[in-house]
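Asker: Questions regarding the structure given below will be posed in turn.
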Amino acid sequence: MNLVLMGLPGAGKGTQAAKIVEEYQIPHISTGDMFRAAIKGGTPLGKEAKSFMDKGELVPDEVTIGIVRERLSQDDTEKGFLLDGFPRTVAQAEALESLLKDLGKQIDHVVNIDVDAEILVPRLTGRWICPTCGATYHVIFNPPKVEGICDVDGSALMQREDDKEETVRRRLDVNIEQSKPLIDFYAEKGYLRTLDGDRPIDVVYADVKALLGDTE
């Protein structure tokens, strides 16, 4: 079973991915993990990717696709895989189809965990940290006993720049703009299944299982 998992930051994609790979016994393959493994392994493509990353530049598609090809050629993908964070563009999706064809494989399902951006903003802006001890809180999921104060040492909590509302909204806008052509691409191919992610985790996963079917 070969899957692509899509969803905005905070939509619960990681949670669903963990449940899928545990039940279906397929590897969870993220772009970051692939890059780190290639770099750690000192592969030619890994070295090439590192040279771009060290300069703060985007890794070109041809390098990324090469690393994806290497990863999907490994033995643990024989029964399937779950791709997370790749592809990000239609060009990458087309390249993925081509390389899978070369490997005698194809995408079975593209699962899009859909949650409205306005629901995601509070989830993504709710994290506050203690600058003294590093304790992490979330105003919805793990609030401190006293608002704005660390339970451990009484320090005033702070919010990282990445977690501020303006930054979060900008990041979501970019993700929505980038993902729309990809969603349209997979919808036209007939692979796309969009699930409502604004429900309890187990309810969403029940829909995922209904889509994917029983384990073999």
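Each Cβ is built from the backbone N, Cα and C atoms, and glycine gets one as well.
Grabbed the feature section from Swiss-Prot, which reads as follows:
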BINDING   G10, A11, G12, K13, G14, T15, R127, T136, Y137, R199  ATP binding site
REGION    30-59  region 'NMP'
BINDING   T31, R36, E57, L58, V59, G85, F86, P87, R88, Q92, R160, R171  AMP binding site
REGION    126-163  region 'LID'
BINDING   C130, C133, C150, D153  Zn(2+) binding site
Asker: If you take the centroid of the Cβ atoms of C130, C133, C150, D153, the listed Zn(2+) site, which other residues of that chain have their Cβ within 8 Å of it?
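Answerer: My list of surrounding residues reads P131, T132, G134, A135, D151, V152, G154, S155, L157.
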Asker: Where's the emptiest Cβ shell within 10 Å among the binding-site residues G10, G12, G14?
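Answerer: Taking G10, G12, G14 as the binding-site residues, the minimal 10 Å Cβ count falls on G14.
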Asker: Are there residues at least 6 beyond the ends of the region 'NMP' (30-59) whose Cβ is under 8 Å from a Cβ of it, and what are they?
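Answerer: For the region 'NMP' (30-59), the list is 66-68, 70-71, 84-86.
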Asker: Near G12 (ATP binding site), which binding-site residues out of E57, F86, R88, R160 have their CA within 10 Å?
Answerer: none
Asker: When DSSP states are folded down to helix, strand and coil, where does R127 (ATP binding site) land?
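Answerer: In the DSSP reduction, R127 (ATP binding site) maps to strand.
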Asker: Could you tally the C-beta atoms, other than its own, that fall within 10 angstroms of the C-beta of F86 (AMP binding site)?
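Answerer: Total other Cβ atoms inside 10 Å, all chains included: 20.
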Asker: Given the binding-site residues R88, C133, R160, find the one whose Cα is closest in space to the Cα of R127 (ATP binding site).
Answerer: R160
Asker: List nothing but the largest Cα to Cα distance in Å, as a whole number, among the residues G10, A11, G12, K13, G14, T15, R127, T136, Y137, R199 that the record says bind ATP.
Answerer: 25
Asker: Tally every other Cβ atom lying within 10 Å of the Cβ atom of E57 (AMP binding site).
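Answerer: So the number of other Cβ atoms within 10 Å of E57 (AMP binding site) is 9.
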